[in-house]
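Some features that TrEMBL has for this protein:
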TRANSMEM  26-43  transmembrane segment
TRANSMEM  49-69  transmembrane segment
TRANSMEM  76-93  transmembrane segment
TRANSMEM  108-126  transmembrane segment
TRANSMEM  147-171  transmembrane segment
TRANSMEM  191-210  transmembrane segment
TRANSMEM  222-250  transmembrane segment
TRANSMEM  256-279  transmembrane segment
TRANSMEM  382-405  transmembrane segment
TRANSMEM  417-433  transmembrane segment
TRANSMEM  445-463  transmembrane segment
Amino acid sequence: MAMSSIQGVERLTHQLRDARRRDVKLTAPFVPLSFFIMIMQLTVPDSDIVFGVSIVFYLSYAFYLLYIIGELRNPIGIGFIIMLMYSYLPFIQGPESYGRMARFGVDGGYYIYSVAQFSFVFWVYISGYVFKLPEEVMVPEESPSELMGVAALCAAAIGSMLGFLYILRFGTVSSGDVAYGDSFTQRLEEGSGVLFLGGPFGMVGAAIVFTRAKLRPVDWLVALLPFAIMYVATTQRKFIVIPLVIFLAARLRIKSIYAVGIILTALVCGALLFSYLGFVRVRSISIDEVLSPDRMSEFWDSLGDYISGETPALFGSASAAYAGFIEPLPYFGDYLLSWQMSVPQFLLSSGFETVNTRFSFALTPTIAQLGGGWGFSYFGEAYLVGGFLGVFIMTMIVIFIFRYIYVMAEKNGRQSFFGLMLVCGAYHVIWFQRNAFGYFLKEYIIYQGAIIILVIWSAKIIYSMSRPPQP
């Protein structure tokens with residue numbers, strides 16, 4: 001009897017150790033349970049018990065999913081956690097935190113995110129069969145370290161140069177030359193979009209540097225300089241978040257369940273820091289007062305507002321979609337015409353407007369005319385275009401895209417095109433949920449992919465020119 005118990009423990013231990021090799025297929029038990037919870041959420045949306053059980057269940061799934069995939073380089077784990085934040089954080093403060101979005105209520109957003117949560121769990125499981133990892137771990141032939149070093153320098157140099165040009169043209173928010181709100185109006189000016197590509201170039205440089213086996217002191221300068229310049233120019237918190245997320249995605253490995261707990265704790269601490277930076281920016285607090293006990297006490301007193309942050313507005317946009325506040329473009333134009341966003345305006349001046357833009361002009365036209373506005377839930381757009389079936393399908397598309405890139409990165413290496421796309425995807429999996437599909441297509445699939453190709457291609461030319469001719 002004792003021997004069989006020991007053997008059972010050994011089998012369980014082996015199964016857990018083998019989990020990463022079998023990948024997301026081990027999430028099978030969560031699929032029917034998630035479906036049942038979705039049905040309960042849709043049929044009894046006012047039940048506090050169902051609400052609480054759904055939180056516990058999906059947090060357990062997120063915990064297990066992170067352990068199964070074993071790293072943040074595969075972005076689906078962090079992507080699901082972000083989805084949970086957008087699903088449940090809006091309820092911290094209640095309806096009074098919704099502001100202009102209160103007119104749409106919460107039921108519509110709750111329904112849409114309930115379907116999105118199940119869709120995520122379902123398609124993550126299915127993706128393990130559609131895009132299979134190699135049976136054996138292949139060690140692909142990596143590019144020479146000197147070549148990738150040149151590529152990192154090229155990316156950092158271009159990103160930093162674009163950042164400096166941005167400052168020369170528009171000034172800096174951090175110095176008070178430009179008001180934070182006015183910085184959004186500047187982006188409407190011709191050529192500003194090109195200068196703002198300093199961020200994506202910096203992402204490529206950071207991805208190359210952080211995927212190296214060993215980091216040198218100079219590597220930190222290469223990885224962080226473009227983001228430091230863009231942060232000084234705009235004071236946008238994302239330029240602090242991006243290099244941190246890329247670093248964790250490139251280097252963090254989850255070897256035990258305890259590591260998952262550490263990661264989740266770190267995410268909570270990161271959310272607090274992110275919220276505090278937002279508090280500092282909104283209150284226009286000077287650098288001398290950032291660590292003031294009085295300011296920190298003021299922040300803690302209003303913690304709920306800053307933790308929920310922009311999530312009520314995003315959740316409200318999903319409710320607006322459910323309420324039919326705006327109409328989708330005819331013939332699935334929100335998706336089929338979204339490629340036009342990626343074409344520079346001087347080449348193609350199209351009348352295409354994303355759901356973000358249309359929603360902003362419908363809700364707050366004065367703010368929208370000044371370049372401001374609102375994000376729009378990715379899943380809200382999916383419902384607007386195709387109902388709950390649209391949510392199901394568009395969740396599948398984004399999960400399959402990330403899964404395909406992950407499998408190809410495993411086959412081709414960490415510093416291959418797909419390897420770098422995957423590491424950069426750790427940020428984009430956060431960002432895409434705040435916007436229409438067109439932004440995901442433009443900023444990640446097209447722009448980020450094209451920049452990676454451009455950087456590697458340029459590095460190969462420079463590298464070949466610097467090498468002595470072969471006899």
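Glycine too: its Cβ is placed from the backbone N, Cα and C atoms.
Sequence-distant contacts of the transmembrane segment (26-43) (same chain, at least 6 residues past either end, Cβ-Cβ under 8 Å): 19, 50-51, 53-54, 57-58, 61, 64-65, 68, 110-111, 114-115, 117-118, 121-122, 124-125.
With pairs at least 6 apart in sequence, the transmembrane segment (108-126) and the transmembrane segment (382-405) have 3 or more Cβ pairs within the 8 Å limit; the two touch. For the transmembrane segment (417-433), the list of distant contacts is 72-76, 78-79, 82-83, 86, 200, 203-204, 207-208, 210-211, 238, 241-242, 245-246, 248-250, 314, 377-379, 398, 402, 405-406, 408-409, 411, 439-440, 443-444, 448-449, 452-453, 456: same-chain residues at least six beyond its ends, Cβ to Cβ under 8 Å. Take the transmembrane segment (445-463) and the stretches 49-69, 76-93, 108-126, 191-210, 222-250: counting Cβ pairs under 8 Å, 191-210 has the most. The transmembrane segment (108-126) and the transmembrane segment (222-250) are not in contact, since fewer than 3 Cβ pairs between them lie under 8 Å (pairs 6 or more apart in sequence).
Highest Cβ pair count under 8 Å relative to the transmembrane segment (222-250), across stretches 49-69, 76-93, 191-210: 191-210.
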